[in-house]
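Taken from TrEMBL, the feature signal peptide covers 1-22. Here TrEMBL flags 30-111 as domain 'Inhibitor I9'. Residues or ranges marked as domain 'Peptidase S8/S53' in TrEMBL: 137-597. For D144, H220, S558, the entry in TrEMBL reads active site, charge relay system. Positions annotated as domain 'Subtilisin-like protease fibronectin type-III' by TrEMBL: 679-775.
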Amino acid sequence: MVNRAHFVILVLAYRLLVPLSAEPDQTRESYVVYMGGGSGVEEEAVRAMHMEMLTSVVPAGDEQGRKVALTQSYHHAFEGFAAELTEAEAAALSGHERVVSVFRDRALELHTTRSWDFLDVQSGLRSDRLGRRASGDVIIGIVDTGVWPESASFSDAGMGEVPARWRGVCMEGPDFKKSSCNKKLIGARYYGSQTSNTSLGGAAALAATTGGSPLDAVGHGTHTASTAAGAVVADADYYGLARGAAKGGAPASRVAVYKACSLGGCASSAVLKAIDDAVSDGVDVVSISIGMSSAFQSDFLTDPIALGAFHAHQKGVLVVCSGGNDGPNPYTVVNSAPWILTVAASSIDRSFQSTIVLGNGTVVKGIAVNFSNQSINGGQYPLVFGPQVAGRYTPVSEASNCYPGSLDTQKAAGKIVVCVGTDPMVSRRVKKLVAEGAGARGLVLIDDVEKAVPFVAGGFPFSQVGTDAGAQILEYINSTKNPTAVILPTEDVKEVKPAPVVASFSSRGPGGLTEAILKPDLMAPGVSILAATIPTADKEDVPAGKKPSPFAIKSGTSMACPHVAGASAFVKSAHPGWSPSMIRSALMTTATTRNNLGQPVASSTGAAATGHDMGAGEISPLRALSPGLVFDTTTSDYLNFLCYYGYKEQLVRKLSGAAGAGFACPRGAPSPDLIAAGVNYPSISVPRLLAGKPVTVSRTAMNVGPSNATYAAAVDAPQGLTVKVSPERLVFSRRWTTAAYEVSFASGAGASKGYVHGAVTWSDGAHSVRTPFAVNVV
């Protein structure tokens, strides 16, 4: 029971402490009041208690006549609510004995086929034989911008009855009826603000823009849902490009969508509610292609995705999240809580080539998706560098970057303009719109950044080249009296090598909140992914005379995340009794670190990729069906992590709810240095290794393969780092038995300063269980 008298005293004390001369900020904003694990009380009783707490600090009405109201109430996997509060009211509620944290309802960002065939080929295994092992009714929940139910990717042809354990609903709204759901798309919810106050900004305004329907008005949610679990659609293409069978990673799985986002982003309160509902509805895997900006990361107890994912894990639900698009800089990965499966993005063996033919016959291979009507025999167009067609008084730097307003329409009209990408504030889309608005007949962009990520330019001739090819084009312009060129329509090129490559935009580790957990966890295809979309999206990209395509080509960790969600569902269907962390472990320890040339996977910079770029490596779903050993990270591991991280024992107990009533923090906590040793994770990260002070990390492996198995350890370590494994052999008499071991790290002569990377691999001759490590030698 809540000690109401004690709480009222706290509220009065807070008000007395506010200086009389200081006028507290009376602006109302949306806040989330998080109260930890669920109490098991009935829904109506929980809502009543939340309202009682709210009315104890919020006046019955304000000067605009607005009534006190909960905008969201969380009561399934965890407890809490969202409401419009002043800063003083939020501070007062934070003093309640049942409250874990109170935080502003921030806006989260959207992290915006051949990929599955490529993953099958990279595994080196027969997908037809192994795939028959993976069958069953797994439900994937997609928290995103909604769904376009008419897409062929959500056809339920041949599917059996909806699993009896499903407890979700199909909410109705404009252009979305209950009949929009079927045996494939089994559930759909949407989240708008439940308050009548429309004057609020920020996340509250975002919640209102999600609309009164699960229908997708953006295309992002439809794309991610079909990538994870779309039905097989033969002869799918994007206006003739990327033609083939489009399918999700788990085409036999069911889909439930939770529309918590709009084009402008996602309200934290809505995302938290979506996770709460998804767990209650009965999903097995949740896919979330959204997150905080890496520049403004929250701690674990005020991050809505981290909080929701923790309680989902408690209930046996795996949460897969995109790692963010702020790469290639380090310390940019988000969604990095250890109970989240965090995904990086990579390329596949397909490229979209947009060729530039210069007037002297030189052919320059560029990258883009465009449907140009230009041809070699159709006549050349004058080729100019941006500053040559600059407006009056325009700085050279602005014209060379195709800055808005920098090009003179009379000078640029009818010409192909060449611009550079030295100003990161001017995106490729803006440059394209500037050139198109000036009457140009095409745009050549010279920029190494994201040159491997094709920009979709629609019918406008566009091609992007690197600095070397760009120098060749500029030299031609400078050495020719009347330079000309044409930009040919895009062709798709298959079996590109090397692949995969870590995408330039993919956020990198180490984690900004803790370096003791190696993040990201895994890498999956996220560049130029063909999947379903809404037919009215991106009208400016529709070629002249064409109808909007039901498929789109998109890039981002948003696209990589549902690949891993689909792979997780694939593994879950074969092993329904496995815990979320066992599934994650299987995917991580069987991931590949070699490309299709048999060489180490490279980063977008050309250097060999490390664990901070790709985690354990590129997913190999077929191999993950039979990993041999797994590392089962339990809720106790995560509670210990929070203790080591620095949270007080009482707060950690509240977080865990009734299950943590007798929990006590381990000896030595708080101590961030003990995280690496105290959490049974499928990878290892040592944030500080001092000379003469070895660090020892323990792990416990579980045998999920045959009985009477013996595994031997092999170490791949960089020069100067001494790595010892004890014992060097693990013996398992039966399946489901466990064995513990220790890995010690010591720096010696010749050790490089900073992070170094390697791996410990256990093998029984049939299985290879690789656990990567990152060690910071200081």
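A Cβ is built for glycine as well, from the same backbone N, Cα and C atoms used for every other residue.
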Ask   = Reported as an integer number of Å, what is the Cα distance between S558 (active site, charge relay system) and H220 (active site, charge relay system)?
value = 8
Inquiry  = Rounded to a whole angstrom, what is the C-alpha distance between H220 (active site, charge relay system) and D144 (active site, charge relay system)?
reply    = 7
Inquiry  = I'd like the number of other C-beta atoms within 10 A of the C-beta of S558 (active site, charge relay system), please.
reply    = 30
Query = Counting every protein chain present, what is the number of Cβ atoms, excluding its own, within 10 Å of the Cβ of D144 (active site, charge relay system)?
reply = 30
Query = Around H220 (active site, charge relay system), how many other CB atoms lie within 10 A of its CB?
reply = 28
Request  = Pop the mean pLDDT for the domain 'Peptidase S8/S53' (137-597) in here, whole number is fine.
outcome  = 93
Message = Quick check on the domain 'Subtilisin-like protease fibronectin type-III' (679-775): DSSP residue counts for helix, strand, coil, in that order please.
response = 0 helix, 63 strand, 34 coil
Ask   = So, by DSSP, how many helix, strand and coil residues make up the domain 'Inhibitor I9' (30-111)?
value = 20 helix, 31 strand, 31 coil
